[in-house]
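My questions will all concern the structure given below.
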Amino acid sequence: MSDESASGSDPDLDPDVELEDAEEEEEEEEVAVEECDRDDEEDLLDDPSLEGMCGTEHAQLGEDGQQPPRCTSTTSSQSEPSEQLRRHQGKNLASEDPKKKRAQKPSHMRRNIRKLLREDQLEPVTKAAQQEELERRKRLEQQRKDYAAPIPTVPLEFLPEEIALRASDGPQLPPRVLAQEVICLDSSSGSEDEKSSRDEVIELSSGEEDTLHIVDSSESVSEDDEEEEKGGTHVNDVLNQRDALGRVLVNLNHPPEEENVFLAPQLARAVKPHQIGGIRFLYDNLVESLERFKTSSGFGCILAHSMGLGKTLQVISFIDVLFRHTPAKTVLAIVPVNTLQNWLAEFNMWLPPPEALPADNKPEEVQPRFFKVHILNDEHKTMASRAKVMADWVSEGGVLLMGYEMYRLLTLKKSFATGRPKKTKKRSHPVIIDLDEEDRQQEFRREFEKALCRPGPDVVICDEGHRIKNCQASTSQALKNIRSRRRVVLTGYPLQNNLIEYWCMVDFVRPDFLGTRQEFSNMFERPILNGQCIDSTPQDVRLMRYRSHVLHSLLEGFVQRRGHTVLKIHLPAKEENVILVRLSKIQRDLYTQFMDRFRDCGSSGWLGLNPLKAFCVCCKIWNHPDVLYEALQKESLANEQDLDVEELGSAGTSARCPPQGTKGKGEDSTLASSMGEATNSKFLQGVGFNPFQERGNNIVTYEWAKDLLTNYQTGVLENSPKMVLLFHLIEESVKLGDKILVFSQSLSTLALIEEFLGKREVPCPPGTEGQGAQKWVRNISYFRLDGSTPAFERERLINQFNDPSNLTTWLFLLSTRAGCLGVNLIGANRVVVFDASWNPCHDAQAVCRVYRYGQKKPCYIYRLVADYTLEKKIYDRQISKQGMSDRVVDDLNPMLNFTRKEVENLLHFVEKEPAPQVSLNVKGIKESVLQLACLKYPHLITKEPFEHESLLLNRKDHKLTKAEKKAAKKSYEEDKRTSVPYTRPSYAQYYPASDQSLTSIPAFSQRNWQPTLKGDEKPVASVRPVQSTPIPMMPRHVPLGGSVSSASSTNPSMNFPINYLQRAGVLVQKVVTTTDIVIPGLNSSTDVQARINAGESIHIIRGTKGTYIRTSDGRIFAVRATGKPKVPEDGRMAASGSQGPSCESTSNGRHSASSPKAPDPEGLARPVSPDSPEIISELQQYADVAAARESRQSSPSTNAALPGPPAQLMDSSAVPGTALGTEPRLGGHCLNSSLLVTGQPCGDRHPVLDLRGHKRKLATPPAAQESSRRRSRKGHLPAPVQPYEHGYPVSGGFAMPPVSLNHNLTTPFTSQAGENSLFMGSTPSYYQLSNLLADARLVFPVTTDPLVPAGPVSSSSTATSVTASNPSFMLNPSVPGILPSYSLPFSQPLLSEPRMFAPFPSPVLPSNLSRGMSIYPGYMSPHAGYPAGGLLRSQVPPFDSHEVAEVGFSSNDDEDKDDDVIEVTGK
């Protein structure tokens, strides 16, 4: 265990397996995955959900506000205009935040499904692929009718086992079934119902499914018939028989001009009925007929037979037929590297070369092969040796066997030239490049490409083809470069984690048949996932059953599925039990401490960012604390970082494998490999991995365990109940004379088992009682196999273990990944799966090492699962994934056992564990070893063991009737034909690094900050931007001289690292709210709104790329603002009285951070930030007048001008100098300026400005304010506001006269001394400030300045803060705006750049400009706080002509769809 993995793991996996899996584990970026196909996603998912159920995963294609899908449609209730608007908003969001995660709902909630594409909207290649398959099946059907094959009459010598098998298989099929197979090509025709002469009973159901049930009197008769149709073509084993002469005819129903194609005699004697069907299935898809093989490019197919059904034999038989009867010359077989030798041995056994046969061999008994089998394995280490093998294969023909990794290296240019990057020492001498060698390498590359890809072989065969689960992985890309369309995928588990992996595999053998990933996700993935869980709605369940059947029927022509039911009739019984194990005290303490740390850090630490490593650490805990203790002692090795962070960030789970020649890098490598299929996992998406996270956070640390393991005693078996039960199972099995296998993902766990074995004695098997006791000794009494075991050593160990005469070796320790493929261990009949794998197929493949042809004894499987831990959750997800596979691939109806929340909430932590049981009920346990374990160790088992398959029982009562199947297909066709096409831009999986400064805090170190979060807090990846109503929030008075850090850090309950953040360059400000703030949730009835109560202290955190509100209980909300200002019902527009940062400009009301800055020839001083000392100083000068303006607002005349509801401010208001509502697209760090001065250091010269809303009045205003109030009451009444329908979102405090750019803007402009400049003339109706903050002066009152001539106060709506300069399209410097009598269609701004509060005095504004210089006489002069209108020519920014075209209008119709929105991210 010297090579600890960087994730804190152990030498845990097999480098051999990792080498061949390296490219497979290169999962593509979530974004690419979503585009190319996974979307949600779910993404997932799905993870999860699922990894599989990620489903994920998959919100990219769905609209979260839509209605639940119905049985006949997956459309939403959104109207077309609504969808167009959302599409437009999606584009804006995508441009603003291309990495934003698309999934908005909590991962455990059901997804809504977009409308399906119309059939005519499908890609042309998709329609062509489906049409080709339809024509192929029609041709085959026509051949069956024209050249019907006779029913084989099987002689008795060929029938002994078949007769026995079928006798136990149930009732015989009716005679009419024996005629021939019939494939239904079109179910949309209504003629079938008319031709039916049978009576149909229409049953009106009042149950939860309000649909029409048609009960056909013949349905019950055809139940068995339906069973036979499930797996595709050639699955009726009654027809899959030898003829009277013992021959096997391959080309059934062939035209008379074609010859009969028979299997070789030795193969015909060996194949089983289901294998005959598989060979015929391969022939129909790849050859079809001898004539068409010469003229067509052929088709691909998937042979999806379960493990142990002899797929290798079927392929070898088909290859022999292919070479004998067709012009095919080359076949490429790409297989897992550790099965290469097995494939070669199978070829030599079933089709021996001529030289291997005796001289007196009779061809009618054994027919030798006439083609060569070439192999590329680890013996060919140089390019020259590989090129020689390749050249021999191309010239001589035959079969070439190679591993996946070898194929990837030889076909991808990037990997060929450089290989996997390796760390090299700095050379002290210059590097010499051999140009001749470079030329040779390039020549090799061209030859490889020609042989393998262009044109490539005639047929490609991919064993364990479920590796093609990611269309963006390099191996998948390399395989898709092959030009041959005759592609075969062999897999026992076509659907492992999620439907998208299934789609990737189908898309390889039949490109474009299921459409794009988006089309497939919409039509099948999300409807099927929505109905998978026990809390799905009845409509979800029904739609899921319908769509599962439709998908199964679509693929049955080229996907042949045969399950373990075939094995059950040939093999002894198999019993698979799950034992839920309790944690010991030290394990529970460690696990509790670990989960507490996770909940405290949320997604900010390495655990939240890298769930793989969290799983690895947990695996150390529940397997045995000694493993964790060993890792803690070697923590320096654990920090070597064996997971590629960049790869992990892009893929979600992909783990890099160590280069060849290095020892396996521990448990992380192992688990990462085993979890590599979790690309779509909602588990991974839900915790929100930040790809820009600092590298240090991705290093596993064990400091949290140091205290608990200070006085830990190693070598105590009882510290792990799992280990106690394991040794009980081993010893009791040996006593019964049974050999046993032990599978674990962790190499360090296998090493620990070896340590405990060395201290114990081998039990006495039957018949050896008199012999002396012996210790367990490796390679004598037990074997071990992992990825580091050489291929030749593997074969020796396996053969020796399976030898019946070997009575000394009773135990075989295997790593799950290395030992689950290409290993036949029928010498054992008991298996212990020590830890649950992420991918259910790995554990299932481990089981199939013993339960396969050749097994003579009953098999017993024991799965040990740590209860009340993450492992139990992973096991639950295995059941869900397997259930989905049964439903889609096998067309079964497994029971729904878990809610989606149970399945997807992997990090759920149960604090209270039930008390140990005194005894367990063992009446239902028949197996003696397990029964004894329950009697001996009831305190170590949480509940009675149960059968694994009991959770996957097929509910035959839920099977679709023929009428329902017909309805399912019709509804699918109708959905394709009638729904409106809709495409939505892709959203990236993760946020950009806007919160990098926050998440860079190492949360798992005792030396750093450990925030306190709520116990029930769960990480949430993102929340969909929602519409929100502005909510009032006024800052409370902060004591004079309080600084940001002191104000924020004086409250110990906050426990917030202010200094840490400030050193990182993050602005932190503490604010006390004076009114309740509701954080809007999603637009659905099930979401509960969060609330920030009045009087609560919150922190406003503004980094370089984002602004956040942190509440006192630790929740963090990200603030976003997009869209146009909202139009109130009364036609007025509310705007906050602040402005965006000075560095941002406005393009016709649209925020554009990239717009060119206006030149400042006079070098005007610009504020660095909105909260700069200059602005704060200016604000303090008006503290006296604030109360005066506030008091005056309470007069009746003032209130009359405020017809709207009380002022409401965006709940995102948090950081000074920003605005929501003034600029339709505002940056992430822009918040309302109402909090401008709160918490800022003010110095000693000026009192702190107390800014309050009209609900909080000063009890006794100062005398200065009283006098100001008396003066203000002499002002004029407000002028009525003129309606203005078409306007420009002018972000300024000045009225915009009629604009000549639009002929509709013809309202005459009249300037009256008493009119309010903000609401006069043709000001846009949606830009009136009175409704957003009531009267803007209540926030930042304006007073006369001694330097500026005062004018009469106009009204209660007098000028407030200027939000930004006029749009640049309105600032044409060629117009002489300072001429007294020259009429302009619009006013020029006072400043050439946005100022914080333009009404306040500025040295730029000359106080002695005459009123005659105004654009309109008297336009600006009557208003207090404004200088006379006019602007120096030099201050006008250059006219930006290209922005004129971006003018947009707003209407009241958009008020509920095109509003300022806040994106709230709860952490």
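Each Cβ is built from the backbone N, Cα and C atoms, and glycine gets one as well.
So Swiss-Prot lists these for the protein:
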REGION    1-150  region 'Disordered'
COMPBIAS  11-49  compositional bias 'Acidic residues'
COMPBIAS  72-82  compositional bias 'Low complexity'
COMPBIAS  100-115  compositional bias 'Basic residues'
CROSSLNK  Lys115  SUMO2 cross-link
CROSSLNK  Lys127  SUMO2 cross-link
COMPBIAS  133-147  compositional bias 'Basic and acidic residues'
REGION    186-234  region 'Disordered'
COMPBIAS  192-201  compositional bias 'Basic and acidic residues'
CROSSLNK  Lys272  SUMO2 cross-link
REGION    649-673  region 'Disordered'
CROSSLNK  Lys665  SUMO2 cross-link
CROSSLNK  Lys682  SUMO2 cross-link
CROSSLNK  Lys759  SUMO2 cross-link
CROSSLNK  Lys901  SUMO2 cross-link
CROSSLNK  Lys1014  SUMO2 cross-link
CROSSLNK  Lys1018  SUMO2 cross-link
REGION    1120-1171  region 'Disordered'
COMPBIAS  1136-1155  compositional bias 'Polar residues'
REGION    1184-1221  region 'Disordered'
REGION    1247-1284  region 'Disordered'
MOD_RES   Thr1260  phosphothreonine
REGION    1445-1467  region 'Disordered'
COMPBIAS  1452-1467  compositional bias 'Acidic residues'
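Just tell me what is around each of these and how deep it sits.
The number of other CB atoms found within 10 A of the CB of Lys127 (SUMO2 cross-link), across every protein chain shown, is 14.
A C-beta separation below 8 Å, combined with a sequence spacing of at least six in one chain, links Lys272 (SUMO2 cross-link) to Gly310, Val566, His570.
Taking a C-beta cut-off of under 8 Å and a sequence gap of six or more, Lys759 (SUMO2 cross-link) has these contacts in its own chain: Gly715, Lys775.
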For Lys127 (SUMO2 cross-link), which of the three DSSP-derived states applies: helix, strand, or coil?
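Lys127 (SUMO2 cross-link) sits in a helix per DSSP.
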Which of the three DSSP-derived classes (helix, strand, coil) applies to Lys759 (SUMO2 cross-link)?
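The residue in question, Lys759 (SUMO2 cross-link), is coil (DSSP, three-state).
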